[in-house]
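The structure appears below as structure tokens.
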Amino acid sequence: MGVTGPDRRWSLHWLLRDSSVDQKERGGQKERASDSAAKLGTFSGVFVPTTLNVLSILMFLRFGFILGQAGLLGMLGLLAVSYTINLVTTMSLSAIATNGTVKGGGAYYLISRSLGPEFGGSIGIVFYLGYVLNTGMNAVGLVDCFTQNFGTESGTLSNFLEEGFWWQYLWGTIILLICTGICLAGSSIFSRASNGLLIILLVATFSIPASAIFMKPFSIPKLHVTFTGVRLETLLENLKPRLTKGAAGSQIHGRENFQDLFGILFPATGGIFAGASMSGDLKNPSHSIPRGTLSGLALTFVTYTLVIVAMAASITRESLYKNSDIIQVTNASGVIILLGEFATTFFSALMGVIGSAKLLQAIARDNLVPGLKIFSKGTEKTDEPVHAIIVTFVVAQLTMLFDINQIASFVTMTYLMTFLVMNLACFLLKIGSAPNFRPSFHYFNWQTAAAGALVCGATMFFVDGVYATGCVGILILLFLLIHYTSPPKPWGDVSQSLIYHQVRKYLLRLRQEHVKFWRPQILLFVTNLDDQYKMVSFCNSLKKGALFVLGHVIVTDDFSSAVPEARRQQTAWTKFVENSKVKAFVNIAVSPSAEWGIRNIVLNSGLGGMRPNIVVIDQFRNGQSLVETLQPRKDSNDRRDGAPESAVDGIPRPQMSCANYVTILEDLLFKLRINVAVAKGFEHLELPTSGQHQKKYIDLWPIQMSAELGADSESKKNVLTTNFDTYTLILQLGCILNTVPSWKKTYKLRVAVFVEYETDVDDERGRVQALLEKLRIEAEVLVFWLACGDVKSYRIIVNGDRSPEVRDVQEKVQTVLKDEGWWLDIEKFRRRSHNQPQSDDFGADLGRVSSWHGASSHDTVQKAPAQLAGGLKKFIQSTRRRRSISSFKGLGSVNLGMQTHRLLDSFVDYDSSDSSSSDSELEPYADDREDGTNHRRPASPDTTKQDVPSIVAPGTSPKSQASGARPPISRSASSNRFSSSPIPEAKVNTDEGAGPSIMFAPSSPPPRASNRRESIYTRRSSSVGSGTASGYPRRASVPLSFNDLPSRAQHLILNELMAEHSSETAVIFTTLPSPMEGTAQGEAASESYLSDLEVLWQGLPPCLLVHSNSMTVTMNL
């Protein structure tokens, strides 16, 4: 989830700490061996260890058993398969080893630096276990040799060595102690001992075919041995497989099978990594490993082949079945065979201890697995892994408790697994086509590496499916452990090359996303990590597996001085992304202004078809810039050493002005046409992972935005549209956030809408629920109505309520609207109407209204309520219009008020053609003020009647409106505003195509229900003529609706409504009122717009205000 709570705060200073400390911890101990220390060459460092490790004790103990069961052809086939696996793996090993500098760790080092820490660490530990098991197997094998020759019961040469399980365990422990002591003495003693042991082993091995050729036939019935010498009859007898059960050396109850035979034979050929394991002690590992390993492989293959053929041609089948020590009995000198057995087992045990210990030391120094750091230490002079040698001795002691055949089977699995991963690494490096993969060893290709990996995998399950499954399971557990506990490593791995290749390939194929697969691809602009880490975490949850980009702008006029800072910021944010597990990209821009920096990032973020479709910016903060700024370079004496110029205390930074901020919004909304979200208050967001949850809901307030678009033709009226895309995007984002398990578990999704009158509540609830059903969104629906009497700001502004119960809100309303000219006019009118007796002056007011509309006295009496309502609405619109002209000169008519499609009939049932477009109609209310100041300004000369939209009753068409045709729209005469109208019904388009599949249906006139309450402005009274008609409204109550109000008044009412019903909400999604295009040209207009936004969200929980420029939902399959 990224950042998980307020207790875990990242800072850029922390992220930019010197990484040398981490490198020292990772390395444990620095390399202490001096350059003058003795290093091993190809022969002593690779060839000798490989030959000694491959010529296994199993040759002396189990070759007779395997030959008796598989025959000559079968055993040579098993040997060929084993060496084919060894050969292709050696080719892959040689290719990787000759592609760069090889350090200590052998096969683990090569794999980890090729496939990454997870693969390298997991296979390294598995290989370590196999190495230790092989060490224990060789110790047990050497004890078996001693007891067969010197055991008190079965000794052939003498009978002084005690037999029995625990006696044998004691002898094995002594052997391991001797090996451990030699390893602790250092690599030089180990090397000198290896050379002598190789001579003994080769003499013993070649004595087997020599004895077959030169010894005379003999028979020992007591031992069930018949030696014929080299004879064709004996060779033909042993040619084909003959699987039996109960043969000498068998460990299974049934007949033998090739799976078991291969599992026993393969460890006798699998020690090809012995030379690579000494990589840390080699003079030139890249040169020595391929040459020494291939040479040792060739020698051992020839040697094994000669031994097998010699045995098959000189020993009868019956002897092979009944005597497991047949090689020593049929040899010219049993002592030579005994010395050979001692040489191979002792060296393999010796190699197992030192090789395993160095492997464990390399893993511990890479700091991959918790708890292994102690094994990274070495001696001061030669860096011998003392602690690792001791723990290897202990683990080897445990392995001697198992049967030698069981040990051999598991060693087979670990070897095959290591071989598989080595071939896989070479295959991936080759097909990744990385330019820097240029090994000096050329005798390989991707086909050989792929074949090796496949054969190894198949062989594992062929030999023993249970053991293979267990080995794979251990590998996966280790892989996951390292993946989730190990810090990132700067090694680079082949997966990056493969990912790059595939990403490039599929990005070229990625086209613009179809709406059915739409997901939020977020570009979040960030500055201060301490304040915005919750916002980053929130957007990370909101992205729904899509693109997430963190954009950061550095503002400076001196590009050259900003480059180091840009690199520092790139490193810091990238490290934050890695450490916090946020799946995001980082994009840094350097620009002379914030506007240009944001434009550049928005235009350049993403690649191909993967580009941001939502830009999220933080709220405008008074006195605080949204982007980091850099001052021109100061003298070095003026700032602290090593501190970036932008971080020095006391240096003032340029702040973003209101016009700058609104310019950014206009660029995003109108020029770049991208979806925009403004985040407010996210530093106080309650994350679901914080542990303490005081909030309960995710609230969606998809408020309708009505945009009045002016027609180009003066003969045509304006067109009123609704923003369906913004409405549905809010629902979409809330639904996406609710699909995140932690958010879904903690918070409940609610959709809150409002209408003005109670008569619309049920209808609105049904429409919203129908829309949610069509969009497959599950949420609780809340419908509020403003005229219910609970919204005090609505009562004050719309109804002119001055009762004591609203006094607590009255002061707030007056404070917010004190500079609004229309509000001062309305308040003036209401005060005059309240203080003036209705009976005395109502006739005068009717006469004034009559003079406005040019009506007769009789008409005035009949039409006074409706005309008065229309005139007052006209008055508010006119004052708003005059304000817009003065504030946004040259931008056309900017109507800051609201209109509705569903007002009560009597509110709007007047003929707009009866009234003049002259502003003089409203002078009685606009001019007469307490301060004597006229707020009315002359209208622009080019402002015509069409600039002021008329309000008509539902279902009534203006006479000048052409039917059946939609007028051309002029963008310059548009305004976006809230509407309390019930949403239109959602219409589903069943046609498959590029167009939208769901939209708001065209509005139709609502039925005039008979039970709908009658407006107070249409009530009649018999006492009208007397001037005491109580049925008419008091003139303190100006006949307004929510849709008539300017934006600031609407925001004030909505703020109270949302604060009342979303107090237990973690986050609110609602509509972003967009500025008029061109607002940013004036600082005063920009400040007014941002002040309106402040009124909307003040005191609310964290809010995400959204404006959509694209379609994000569909009903198509």
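From the backbone N, Cα and C atoms, a Cβ is placed for every residue, glycine too.
A quick note: this is a predicted structure, and the numbers were derived from the prediction, not measured.
Record features, source TrEMBL:
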COMPBIAS  631-643  compositional bias 'Basic and acidic residues'
COMPBIAS  910-919  compositional bias 'Low complexity'
COMPBIAS  920-930  compositional bias 'Acidic residues'
COMPBIAS  970-981  compositional bias 'Low complexity'
COMPBIAS  1018-1029  compositional bias 'Polar residues'
DOMAIN    46-523  domain 'Amino acid permease/ SLC12A'
DOMAIN    535-617  domain 'SLC12A transporter C-terminal'
DOMAIN    1050-1113  domain 'SLC12A transporter C-terminal'
REGION    630-649  region 'Disordered'
REGION    910-1036  region 'Disordered'
TRANSMEM  40-61  transmembrane segment
TRANSMEM  73-96  transmembrane segment
TRANSMEM  108-131  transmembrane segment
TRANSMEM  169-190  transmembrane segment
TRANSMEM  197-215  transmembrane segment
TRANSMEM  261-282  transmembrane segment
TRANSMEM  294-315  transmembrane segment
TRANSMEM  335-355  transmembrane segment
TRANSMEM  410-431  transmembrane segment
TRANSMEM  443-461  transmembrane segment
TRANSMEM  467-485  transmembrane segment
Counts of helix, strand and coil residues, the domain 'SLC12A transporter C-terminal' (535-617), according to DSSP: 41 helix, 21 strand, 21 coil
Composition by DSSP (helix, strand, coil) of residues within the domain 'SLC12A transporter C-terminal' (1050-1113): 30 helix, 12 strand, 22 coil
Criterion met for the transmembrane segment (410-431) and the transmembrane segment (443-461) (at least three Cβ pairs under 8 Å): yes
Per-residue pLDDT averaged over the domain 'SLC12A transporter C-terminal' (1050-1113), given as an integer: 91
